[in-house]
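Structure first, commentary second.
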Amino acid sequence: MTVFHFFNCAILTFGPHAVYYSATPLSEYDTLGTSIKAAVVYLGTTLVKLVCLATFLKVSESDSFDPYQELLKALIGFIDVAGLYFALTQLTHRNISQNHKFQAVGLGWAFADSVLHRLAPLWVGARGLEFTWDYILQGLEANANLVLSISLAALGSLMWLRKNKPKTLIPIIYTCAGIVATMPSITSYLRRGLGWQLPKVVGFELFTSLVMAFISWQLFAACQRPSS
């Protein structure tokens, strides 16, 4: 039963990444190399973030919400945006369209995040003797992160690669990118500042990810229309 629970949680956590790759044109255009490069950039970005967090943040003795510490975390979190910029603009890619490029980068980014932050806890915890919903919620959280990562990559693609976008949409694009980039700080505030339990936080993340995906899709479609 414990092994069955582990495999169920693992499929819920990592399965959607494989499904997204195989069910979209990404597999037809062989964008796996782009996703792997993005995953490597994510690992390097995470290492830089860890160094910054260890350098500038103090170890808190309590689990209470500290606005100053969370502000620093949010600022350091924008290193992810720099990493995505590098992955989208500086890496050499196959001759693929902008539409497929941001999806491949976002997919690799999200998969690396899930492996780095969820594989070890899943391996240790989901095989325990006592059933818990925490790892199912963790899998749902990984799904929300997948959608948010692809949304942020889409917004980054519009910011840095799309030159002829309507000027009226530029503030909206940057605002949405800022919201997605600060989601870890937002969820931290909900947990530690407002005392939300994990199921409620995961529900918020799933809802927000769908909203941001819809907005990103609409912005991307609007920027692709020929200007009159």
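Note that Cβ sites are derived from N, Cα and C of the backbone, with glycine treated the same way.
The annotation transmembrane segment is assigned in TrEMBL to 39-59 (among others).
According to TrEMBL, the feature transmembrane segment maps to 71-92 (among others).
Residues 65, 70-71, 73-74, 77-78, 80-81, 148, 151-152, 155-156, 158-159, 196, 200-201, 204-205, 208, 212, 215-216, 219, 222-223 of the same chain lie 6 or more positions beyond the ends of the transmembrane segment (168-190) yet place their CB under 8 Å from a CB of it. Under the heading transmembrane segment, TrEMBL lists 168-190 (among others).
Below 8 angstroms of C-beta separation, residues 99, 137, 140-141, 143-145, 147-148, 150-151, 154-155, 157-158, 162, 164-166, 169, 172-173, 176, 179-180, 183, 187, 190, 196 of the same chain, each at least six residues beyond the ends of the transmembrane segment (202-223), sit close to that stretch. What TrEMBL records for 202-223 (among others) is transmembrane segment.
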